[in-house]
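Notes for the one structure printed next.
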């Protein structure tokens, strides 16, 4: 009774009295009622003031019984549904054994929807963005030099934040390195480049969730604008390009510079790497292909009217552009040692160009050298549609994604050169960077990785996620 108020106690006592009075009304049990009135300490005034229903308690008991019956029926229905689910699971296992890898339902030529899944506000313009290759994490670099990791599914609080550089971050690369140094199995290495001329490499620990700086080196004499990381055996390699007009290749394990060369006369804005080949684009408006272990320049592409902002190698594994019916299949097979035949470039002339790379001379046990007959890229497509600088390119299957200072993201069909979709209401300012899973990444992690995500960052301090 201690949990009831005085008013509730009085109401309960009166209800009990009224109920007993109703039960014994034909039995002449006035003595019982008098005793009950005395035990419950009910006076005549309380009874006269209480005009409650004598059937209140029976009604409540009836309600409880009906509620219990409903609960019992729901429990029986849940048991039946669980049994049905178990039976269906057993039937599926008889068709597809547990150890069979079911093909991913991810569509490599997926087109992101028009609506935004999430918008993440940052404290300064977003200058670089990168998806984790297998986890639902996006890494964001800002104009103030901060590196931030967000959980795509729960982005309200960052997973990790660090002040990586004293100036703006220009690029982010993420690699799951295996047998790297002191890490026994694998670890996530996050590398950043910056206008402060440094390259930093972080271990994003799955145990602590922190971004731990493990390598830092003064890479160039000026802004480091672009980078690519990859693993060869137990070595993690990193190629970087700079405003000092050089491209360098580093071994992250010991921070040693393995190669340095100057493919351009001006700022090397962007690079892409596939095995031993580096594609570079510059403020001199040209592209160049270099065999980086030897430093041999192999070919050059000219055709843009203004500086190049981004270059991209199109590997055979990532797109069917090289096996389209109108392509020369015999000639295509000759490019097998390179593993690519086409590349893309985006420039300040508002265009994107698709290039066919000339085949260099390939000799056994020798470094490739330029062809004696052709050292010039052939422009096979010019993609027009943006109305301002094209800032970034990403490839997924036969689709090429681009972003621009015109505040739009576009998707292009590499087989036809047509723009298949434009996102014009995602951002309200210059779009600096985008990222999306490439086909090779999807195949590598299939079937565990089944995601269709596009991320982008702009000058309005926002990261947008479309999925």
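Cβ coordinates are placed from backbone N, Cα and C, and glycine is handled just like the others.
The coiled coil annotation in Swiss-Prot falls on one of the ranges 62-96, 97-131, namely 62-96.
The repeat 'WD 3' (219-262) shares more Cβ pairs under 8 Å with 164-212 than with any other stretch in the list 121-160, 164-212, 325-365, 385-424. DSSP places the residues of the repeat 'WD 6' (385-424) in helix, strand and coil in these numbers: 0 helix, 23 strand, 17 coil. With Cβ pairs under 8 Å as the measure, the repeat 'WD 5' (325-365) is packed most heavily against 385-424, out of 164-212, 264-302, 385-424. Residues 223, 225-228, 230, 239-243, 245-247, 249, 308-313, 315, 338-340, 343, 345, 347, 353, 355, 357-358, 360, 367-371, 374-377, 379 of the same chain lie 6 or more positions beyond the ends of the repeat 'WD 4' (264-302) yet place their CB under 8 Å from a CB of it. Helix, strand and coil content of the repeat 'WD 1' (121-160), in residues and according to DSSP, is 0 helix, 21 strand, 19 coil.
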